[in-house]
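Feature annotations, reproduced from Swiss-Prot:
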type: REGION; residues: 1-229; note: region 'Disordered'
type: COMPBIAS; residues: 19-29; note: compositional bias 'Basic residues'
type: COMPBIAS; residues: 37-48; note: compositional bias 'Basic residues'
type: COMPBIAS; residues: 52-76; note: compositional bias 'Basic and acidic residues'
type: COMPBIAS; residues: 77-97; note: compositional bias 'Acidic residues'
type: COMPBIAS; residues: 98-109; note: compositional bias 'Low complexity'
type: COMPBIAS; residues: 110-124; note: compositional bias 'Acidic residues'
type: COMPBIAS; residues: 146-193; note: compositional bias 'Basic and acidic residues'
type: COILED; residues: 160-208; note: coiled coil
type: COMPBIAS; residues: 203-214; note: compositional bias 'Polar residues'
Amino acid sequence: MAQEKNQHKRQGNSFYGGRPRHTQNRHKAKLDEIKKSLTHRSNVKRNYFKMLKKEGLSIPERESKFSEDKPETVEKAEDESGDESEGSAGSEEDEEQQGGFFEGEASGSEADDLEDGSDDDEKDKEDQSAKRRKPLPDQQPPTKQQLREMHESQKPRKPMNFKERAALAKERKQKAREEREAQIQKNKEDRERKLKKRAKLTKQMTKTTRTGQPLMTPRINKILDQLKQ
């Protein structure tokens, strides 16, 4: 029984606590899956370009993103990748030749256009920043007097002592007294003027004729003035 149990453990039976069989070759299965996907992708690309050629359409040319690499680095990379299978190597070569047509990689002309556009944007930004830094012709640097005044205005004010506060309070009281007296004098003059006007009107309204009858002319003038107002 013990030998059978050990045998099941060696075979990877999970019932006896051993490692499941489907996890023993997980790394190999992953490699096979990657190779299969690369082969399928290369076949799809090859069939697509064959179809374009058959229909007479132009085949887009894509530069490899590794075209600018040095030959030494390319040879070293080829030596390191010698362990890979022929199918994966062929698919990778197709991907490099097509420049990642299905992967969304940019071609050489598109990359140049993007680089030119980025250079133009940088030049525009530099020109704008230079224009901002240039002073306007109308603006002039402040003079020494202006700088001195600005410095004096920015200085914190010193607190007033008792004598200065008393003088300021006295000045304010004197100013308020003068304003109050001026207002009183103005009101007095207005009242006197109104009294004179009223007395004059009363005198005109009390005028009579030789026979003692009230004179109608001032009364009519008063009514007309009220209507005009």
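The backbone N, Cα and C atoms fix where each Cβ goes, and this holds for glycine too.
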Local confidence of the coiled coil (160-208) - pLDDT mean: 92
Helix, strand and coil residues within the compositional bias 'Basic and acidic residues' (146-193) as assigned by DSSP: 41 helix, 0 strand, 7 coil
